[in-house]
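Structure, as C-alpha cells:
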Amino acid sequence: MSLRQRLAQLVGRLQDPQKVARFQRLCGVEAPPRRSADRREDEKAEAPLAGDPRLRGRQPGAPGGPQPPGSDRNQCPAKPDGGGAPNGVRNGLAAELGPASPRRAGALRRNSLTGEEGQLARVSNWPLYCLFCFGTELGNELFYILFFPFWIWNLDPLVGRRLVVIWVLVMYLGQCTKDIIRWPRPASPPVVKLEVFYNSEYSMPSTHAMSGTAIPISMVLLTYGRWQYPLIYGLILIPCWCSLVCLSRIYMGMHSILDIIAGFLYTILILAVFYPFVDLIDNFNQTHKYAPFIIIGLHLALGIFSFTLDTWSTSRGDTAEILGSGAGIACGSHVTYNMGLVLDPSLDTLPLAGPPITVTLFGKAILRILIGMVFVLIIRDVMKKITIPLACKIFNIPCDDIRKARQHMEVELPYRYITYGMVGFSITFFVPYIFFFIGIS
C-alpha cells in the first residue's frame, strides 16, 4: 500500500462520524428514542434546501451516509406516558424523560438566522455536559466580548490589542479556508447535534479549535517576560484550554476528529509565520499617520473577498463581525494613543509585577467591567437598529423579514462590519475616555 493510500485511509478514519458518535456515547450523550418517524418529517421539511452545496451527498433515510449540516434536528422524544413531545428545551435546560431515565438536554442556542434548533439528547453525565458547554463557549461571541475588554481595561492594553490582532488573523484565515474546502459537518445520525448555531457553516478546519489554540499560546508568548510569573503556569494553561475547547466541539457533534487536528496544526503554522510581525502591526496601528484609513480599507476589502467565496451562511456574518471588531479596536487604539489616554509602560520597567489585590483595586476593576460592558452593549444594540434598516433602504432590499434581508451581502456585511467596528472602537476609545473622565482609569 502506497503512502498516499495510507494517508487517505487515515483521513477517512479521522473523518468518520461514527467516531464522533462513539465519543459522545462514552461521555454519556445518546440520541433519544423514536428517531425514525421524526427523521421522515425533518426530511420533508428540508427538501427545499436540496440545492445548498452544504446539503449535497445526502441520501434521504440513509442513517450512515454522508449528510449535511442541520439534518435530523428537532427530534421529539417520548414522554413518560408514551406520547410525543415537541422540542421545547433550549439553552441547556433539562427535563425528565422518565422516572429512571437520564435527563435530556436541548441545543445551547437556537440559530436566529436559519431557525434551526438542536435535537434533544439523553445526557447521563451532567458534569461533563456542563464542562464541555463551558469549553465551547470559549469560542463564542459572549466570551470574546468579555475577554478582550477585560484585558484592555483591567490587565494590560498592549497584550489585549495584540491578542486581538492574532485572533482576527487566525479566525479570518480559518473562516475563509472553510468556504474554500467546503466539507460538511459530521452526519446526523449517527452524531447527536447538541449545538446548531454554527451548523450552516462548513466543518474543515474547526475555527473553535483554532481560537482555542491561538489564544492561550499567544497569551503565554505575549506575557512571559513582560509579567513576572512562573512559566509552568503558562505550560499548564495551554494544554488545558486547548484540549477543553477541542474536545467540546467533538462532544457537541459539530466537528470530526480530523477537523480538530487540522485546526490545531493550521493555527501552529499561522502563529509560526505571522507572530513575529504582531509587534510591527500593533505599532503601525498606533503611530502611523494614515493607519485608520488603511485599517478600515484593508479589513473591508478582506470582508468583501470572504463574501465572494461561497453562497450565504452564518460564517459570512461571523467573518465580517471579526474584521469589524479588529478594525474598530485598532482605530480606537490609534486615537487613544495620540490623545495620551492610555500609555504602555516603558521598557525599563519590565518585567511588570502584579499589584497587591486590595478592595479598592478589585472594586475599580468590577466598576470598569460593569460600566464598560453596559456602554458597549448599548452601542451594539443601537447600531443594530440603525444599520440593518439603513442598508435595506440604500440597496432596495425588503426589510419586512430581517432574517431574509440579512442573507444579502449588501445588508449583512455593512451591518456586521459597522456595528462591531463601533463596538471595537468603543472598547479602546470611548470606554477608556469615560474611565478617564470619571476617575477610574
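Just so you know, the numbers here start at 1 and follow the chain as drawn.
Cβ coordinates come from backbone N, Cα and C, glycine included.
Residues or ranges marked as active site, nucleophile in Swiss-Prot (evidence: similarity to another entry): His255. The Cβ of His255 (active site, nucleophile) lies under 8 Å from the Cβ of Val20, Arg185, Pro186, Ser203, Ser206, His208, Ala209, Arg249, Gly263, each on the same chain and at least six residues away in sequence.
Residues or ranges marked as compositional bias 'Basic and acidic residues' by Swiss-Prot: 32-46.
Sequence annotations record features per position, and here Swiss-Prot assigns phosphoserine to Ser101 (among others).
Per Swiss-Prot, phosphoserine is recorded for Ser112 (among others).
Residues or ranges marked as phosphothreonine by Swiss-Prot on the basis of a large-scale study or a structure entry: Thr114.
According to Swiss-Prot, the feature region 'Disordered' maps to 25-110.
The region 'Phosphatase sequence motif I' annotation in Swiss-Prot covers 178-186, and the record cites a curator's inference as its basis.
All protein chains shown were included, and the count of other CB atoms within 10 Å of the CB of Asp259 (site 'Stabilizes the active site histidine for nucleophilic attack') stands at 29. Residues or ranges marked as site 'Stabilizes the active site histidine for nucleophilic attack' in Swiss-Prot (evidence: similarity to another entry): Asp259.
Annotation comment: Swiss-Prot describes 132-152 (among others) as transmembrane segment, evidence class sequence analysis.
Here Swiss-Prot flags 163-183 (among others) as transmembrane segment.
Sequence-distant contacts of the transmembrane segment (204-224) (same chain, six or more residues past either end, CB-CB distance under 8 Å): 135-136, 138-139, 147, 156, 158-159, 162-163, 166-167, 170-171, 174-175, 177-178, 181, 183, 231, 234-235, 237-238, 241-242, 244-246, 248-249, 254-255, 258-260, 262-264, 266-268, 270-271, 275. Residues or ranges marked as transmembrane segment by Swiss-Prot: 204-224 (among others).
Residues annotated as transmembrane segment in Swiss-Prot, with sequence analysis given as evidence: 227-247 (among others). Tertiary neighbourhood of the transmembrane segment (227-247): same-chain residues 131-132, 134-136, 138-139, 156, 206, 208-209, 211-213, 215-217, 219-220, 260, 263-264, 351-354, selected by CB-CB distance under 8 Å and a gap of 6+ residues from either end.
Feature annotation from Swiss-Prot assigns transmembrane segment to 257-277 (among others). If you look at the transmembrane segment (257-277), the same-chain residues 6 or more away from its ends with a CB under 8 A from one of its CBs are 11, 14-15, 19-20, 166, 169-170, 173-174, 177, 183, 203-210, 213-214, 217-218, 221, 242, 246, 249-250.
Annotated transmembrane segment per Swiss-Prot: 290-310 (among others), in sequence order. Listed by sequence, the residues of this chain that lie at least six past the ends of the transmembrane segment (290-310) yet keep a Cβ under 8 A from its Cβ atoms are 53, 172, 175-176, 179-180, 182, 202, 284, 316, 319-320, 323-324, 326-327, 330-331, 334-335, 409, 412-413, 417, 421.
Packing against the transmembrane segment (322-342) from elsewhere in the chain are residues 144, 148, 152, 157, 161, 164-165, 167-168, 171-172, 175, 282, 285-287, 291-292, 295-296, 299-300, 302-303, 416-430, 432-433, 436, 441: each is 6 or more residues past its ends and has a CB under 8 Å from a CB in it. According to Swiss-Prot, the transmembrane segment annotation covers 322-342 (among others), on the basis of sequence analysis.
Listed as Cβ neighbours of the transmembrane segment (359-379) (distance under 8 Å, sequence separation of 6 or more from its ends, same chain) are residues 145-146, 149-150, 153-154, 422-423, 426-427, 430-431, 434-435, 438, 440. The transmembrane segment annotation in Swiss-Prot covers 359-379 (among others).
Annotation note: Asp259 (site 'Stabilizes the active site histidine for nucleophilic attack') sits in a helical segment as assigned by DSSP.
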